[in-house]
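What follows is a short report on a single structure.
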Amino acid sequence: MRPDDANIAGNVHGGTVLKMIEEAGAIISTRHCNSGQGEPCVAALARVERTDFLSPMCIGEVANVSAEITYTSKHSVEVQVNVMSENILTGAKKVTNKATLWYVPLSLKNVNKVVEVPPIQYTHKEQEDEGRKRYEEQKLERLETKQRNGDVILPVINPDRQTKEPHTVGYSQSSLIHLVGPSDCTLLGFVHGGVTMKLMDEVAGIVAARHCKTNIVTASVDAINFHEKIKKGSVITISGRMTFTSNKSMEIEVFVDADPFVDEPQERYRAVSAFFTYVSLSKEGKPLPVPQLLTESEEEKRRFEEGKGRYLQTKAKRQAQMQQGSCADLVLQ
């Protein structure tokens, strides 16, 4: 990891890690989808499940990214990716990320055609049944997300933050406009999922930093849904706004809207959506209290309550997992 991969405090950007994760997933899924007798294809990212940043990665450390295919349906591939950092001076290693990604294979001859995925061999039937359950759950969640996609974050043009009250949604709201070039794209001419996620993390980080005025790091990313492909030559607008704050974390909603005005002019469309969670850190890397978000409109209050529900749900799941781990330790003893 080099200085341009990290923030001013030396912590590697969450977006940089997400990009590495996506590259590993794309390689293994594309390789698998071309292992059969079907037509040549490239795996495109469709969804990233909730990803927790378990430990920060720093400048000078070496990142080791490993990927494994854990389930295949007729037209999709589930990939589990683990990221480990290594301090090459001391030899110390630690797991920094675990992620689950879903890919669909697109034909090289016809980018709108999804080809069939060669099945994998499972060690036992329960493994296949568990994978099928995860597949059905993510399908339902994707449909629910699409229903929310009418929401819009208006870009902030030359905002005068001195006239806005600190810690409000409008004060920290941020947007980034990016022209999609060849280096951003796959062989098919569509944006790499990792490139998009890196830009989303950058915008979410700006929102968090404006709200806290401290060093901030990515703590987790809720499910990222890729609704539509983004073509080379498109102009994309990545917009972020604060939706919820707890005592030590903040949730930022991020949208990616695309304007594909080159070659095939069409109306702007929602390409990607996700929720990012950040924490505030001191110069020593210790967690700091997060200023509470001041909601002004009824819409902001509604989004705050929805964010609170997601926060409490995640907290309950984490506590249940910890209890299960404690019970397992007692059994082993």
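Backbone N, Cα and C atoms are what each Cβ position is placed from, and that goes for glycine too.
Region 'Disordered' is the annotation TrEMBL gives to one range among 112-148, 297-333, and that range is 297-333. Around ASP201 (active site), a 10 Å sphere centred on its CB holds 26 further CB atoms from the protein chains shown.
Within 10 Å of the C-beta of ASN7 (active site) we count 17 further C-beta atoms, all protein chains included. The average per-residue pLDDT of the prediction over the domain 'HotDog ACOT-type' (1-109) is 95, rounded to a whole number. When the Cα atoms are compared, ASP201 (active site) and ASN7 (active site) turn out to be 12 Å apart. For the domain 'HotDog ACOT-type' (170-284), residue counts in helix, strand and coil come to 26 helix, 54 strand, 35 coil, using DSSP.
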